[in-house]
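Reviewing the structure listed below.
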Amino acid sequence: MVTVMMMVPTLSSFFLDTSEYLPSNNLLDYRKNSSTSLDSKRLGAGKELSVIAEHNIKHITPTTQVILAAARKISDNIIVLIPGTTNSTVAKYLSTRKGVSKVLTAENVDNDGFPEENFTSTILATHKIHNFSHIIGVSSQLGKSVLPRVAAKLDVPAVTNIVNVKTPDTFVRSIYAGKAFMTIKVMDPVKVIIVKEGCCSSNCRGNQAPIESAPIEEGLYSVKSQKMRLNKSKLPLLVDAKTVICGGGGLQSSENFLKLYEVANALDAAVGATKSAVDRGFAPKSLQVGQIGTTIAPDLYIGIGVSGNLEHITGIKDSRVIVAINKDCNAPLFKVADFGVVMDLFDALPTLKYLLRHF
């Protein structure tokens, strides 16, 4: 059962101090005037909590630090589950984080395809052993695919877009594309929580925890993963990148979309795509940026041929600097951009490549 309390900011809230009810961008920053201390309500060592750690084989993603920070506010008995093949450094690093009591590696999950069915079965098999009070993941492509499956199997709701944790059973979630916030109280015995990306991270070291293999459920699904390799460069992941170059429907074809990689390589940037570009087959869904796809918060976002509908802007609004390049001066992206270039993208791309090579 879920109890809901909605809080919708009025126009005046954008000019007055709203710290009384608006959640912080940092999951660790709880309301200063709250009369109840979260530490006094944390579950402690009695109940085990699971965190789904995401990584790029060599390192964990910054958002994994966020969900660890949130988990520590709920329990000091955290079991970290790592999907896919990774090197020992990732597991060892996570085993030293504060509050982590055990690290489980699930190498039956393919890194390239992330077969959701296999990982769902692994999480459920682990839950049978540990009887988790909470299962927490991040609002990434993997998290939004796997955790709702887990919640459905456990017959509980998946609580999405969480931006703050008030008590072990009370959470604040973002709704209406971030224009309002909802406080919900979850009464179910297992709480499946999906934390919104783009929050500040925290880094706390603790004692060394044991590293073990996760249980493998019998009769795993046979999943074939089909790869779509766009280029041979080693570019950062969308969730990690400090710079993101995003292509929209204005690119008109997958061949033109590939031209973004020439600029991305020069800037060491990740490449993203709008829903329009993905729906038209210019790029794979794993590159989709927006409320439906991956939410990002890079230092620099460059939108090329991106109109900028609400779904996409919601996914990039936490970017430090937004640059829009579009021949349509009325494109919605210009309204939120810090810098705008009104220019045909097919003229802008060669110019941008020339400037990067010679300056």
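From the backbone N, Cα and C atoms, a Cβ is placed for every residue, glycine too.
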Per TrEMBL, Gly305, Val306, Ser307, Gly308, Asn309, Leu310, Glu311, His312 bind FAD; matching candidate in Asn326, Asn330: Asn326
Which same-chain residues, if any, lie at least 6 apart from Gly305 (FAD binding site) yet have Cβ under 8 Å of it: Gly247, Gly248, Gly249, Gly250, Leu251, Ile325, Asn326, Leu345
Among the FAD-binding set Gly305, Val306, Ser307, Gly308, Asn309, Leu310, Glu311, His312, Asn326, as the record gives it, the longest Cα-Cα distance in Å: 18
Cβ neighbour count within 10 Å of Ser307 (FAD binding site): 20
Long-range Cβ environment of Asn309 (FAD binding site), under 8 Å and at least 6 residues apart: Thr274, Lys275, Pro332
Same chain, 6+ residues apart, C-beta under 8 Å of the C-beta of Glu311 (FAD binding site), given in sequence order: Ala177, Lys275, Gly290, Gln291, Ile292
Local Cβ density at Asn326 (FAD binding site) - other Cβ atoms counted within 10 Å: 26
PLDDT averaged over every residue in the domain 'Electron transfer flavoprotein alpha/beta-subunit N-terminal' (49-225): 79
